[in-house]
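Engineer: Pasting a structure here, questions to come.
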Amino acid sequence: MRDRRDDHSTASRAHRSPGSPAAGQPHPSNRPWLSGARRRSLTGWAFLMPAALLILVMSFIPMAQAFILSLQTGRGANFTFAEPLWSNYTRLFEDEIFKLTLQNTFIYLLIQVPIMLIVALVLASVLNSKNLKFKSFWRTAIFLPCAVSLVAYSLVFRTIFANDGFVNDLLLGLSLIDAPINWLGDPTTARFVIILGLLWRWTGYNMVFYLAALQNIDHSTIEAAKVDGANAFKTFWFVTVPQLKPMILLTAIMSTNGTLQLFDESWALTRGGPAYQTMSMSHYLFEVSFLKNPNFGYASALSYVILILVAILAFIQLKVGDKRD
């Protein structure tokens, strides 16, 4: 005979609805709401949100406020929307000083950035050689200028290139010149000093990026090129450089961005002179904002023009660098 408990169990299974949980399993309403995957996701968001909120408060909200301010005119705390709204932007096209600072900035960009990246790439290749002695010393010596304060090194260059500075004394001692050169008083030589300072300060910085990228290059590709009869230059140009393309693109974008925002050298070396001939856009932005009858609305418009230029040049570099051979 069957036990009555078996009959009761069979009847219970017969009357259980199809969606009911099996015996011994918790009801869906009693299961923990936070599964493992959901808990990990929320943990990630918990770590991300403070940084995201900080960026929102410290970056994006001020950017929005600056854009609104660029559409206004006024002094002090009395601002009203301009008529027309874009008058601060159209004023830029009529501002001869802005045009001059734009020209100066692009002179620095077009001369300094290519030279700096090429020299940094060559230095990285040389310092990556297995046969070079005292590699750590040379790497440190070339990178060391990056540890110097921007204003401090600018003042050192200002002293070196003064009328009675080291450079003029050296050239006079070698009888290469008859009279001291006013390096910082002539627009051409003053721009040269600024470019030289930028090269001294930032070449080692970019060299470190290339050194790191060279460590990831498969050495067998270089050996294969040598076996095929390629000389050192062809091996470097056709084998090494293509593998460094992503890093070259990164340093080009960073250097372009930094040069468009150039301020310290223009301010500390030449004060933008003579007659604005060496002033950068960021230096002019500083003057419009805080010196000589400050105009925050016009300065905000100027800052957005710099932002647009940075974005356009970065986009062009990304498109050019992203082309596949």
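Quick reminder: no glycine exception, Cβ is built from N, Cα and C everywhere.
Just so you know, TrEMBL annotations are computer predictions that nobody has curated.
Quick paste from TrEMBL:
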COMPBIAS  1-10  compositional bias 'Basic and acidic residues'
DOMAIN    102-317  domain 'ABC transmembrane type-1'
REGION    1-33  region 'Disordered'
TRANSMEM  45-68  transmembrane segment
TRANSMEM  106-128  transmembrane segment
TRANSMEM  140-161  transmembrane segment
TRANSMEM  192-214  transmembrane segment
TRANSMEM  235-254  transmembrane segment
TRANSMEM  296-316  transmembrane segment
Engineer: What else in the chain is close to the transmembrane segment (296-316), if you only count residues 6 or more beyond its ends and a Cβ gap under 8 Å?
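Structural biologist: Answer is 66-67, 69-74, 79, 82, 88-89, 91-92, 98, 253, 256-257, 260-261, 281-282, 284-285, 288-289.
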Engineer: Would you mind listing the long-range same-chain contacts of the transmembrane segment (45-68), meaning Cβ under 8 Å and 6+ residues beyond its ends?
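Structural biologist: Same-chain contacts beyond the flanks: 300, 303-304.
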